[in-house]
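Here's the structure, in structure tokens; my notes come after.
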Amino acid sequence: MIAIYPGSFDPITLGHIDIIERGCNLFEKVIVAVLRNQSKTSLFTIEQRLNQICHSTKHLLNVEVASFDGLAVNYAKMQQAKVLIRGLRVLSDFEKELQMAHTNKTLSPEIETVFLATSNEYSFLSSSVVKEIAVFGGSVDHLVPQHIAIDIYKCYDKTQPKPILNQR
């Protein structure tokens, strides 16, 4: 069975990668689908995000990376996928994602949404959090793959922050 994991992934985080890896254990193929959203200002171009995701998932044999326009359920039908994967961090994610799952079901009754609870260590993590930390000069090395951390530091014209040592 084919599953689609749609999102903006701007940037992809270790939390996203955790969901992808776990999805790969459940489905024959997982397509990580980057939404082309012209109305949203992005840190990285679509091409950069596709390359970042490909590099971050190269260890997974049953992952494809692509971009799409429009509705995720329409893209899923085009790819003959039966499932949309969504990660859940907190209760507010569930409310939003459940509403979207119900909406998608009215549009395409044959497509199911599968929710994967985020691993505890990533329950606070989002692309927005990563960008906010980086813009204020904090280290994001523990939140994204190393090659993406470097890309982020370049975007904000900053060098990689030095670790803060606990001094007593």
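Yeah, the Cβs are placed from backbone N, Cα and C, and that goes for glycine too.
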- Note on the structure: Note: Swiss-Prot has SER8, PHE9, HIS16, GLY87, LEU88, ARG89, TYR122, SER123, PHE124, LEU125, SER126, SER127, SER128 binding ATP, and from GLU97, GLU112 that site also includes GLU97
- Would you mind pulling the longest C-alpha to C-alpha span across SER8, LYS40, ALA72, ARG86, which the record has binding substrate, in angstrom? 20
- Task: Measuring CA to CA, name the entry from the binding-site residues LYS40, ALA72, ARG86 that ends up nearest HIS16 (ATP binding site).
- Result: ARG86
- For ALA72 (substrate binding site) and LEU88 (ATP binding site), determine the Cα separation and express it in whole Å. 17
- Find, for the listed binding-site residues HIS16, LYS40, ARG86, the residue with the lowest Cβ contact count at a 10 Å cut-off, counting only other Cβ atoms. LYS40
- Note on the structure: If you rank the binding-site residues ALA72, LEU88, LEU125 by how many other Cβ atoms lie within 10 Å of their Cβ, the lowest count goes to LEU88
- In DSSP terms, helix, strand or coil for SER127 (ATP binding site)? helix
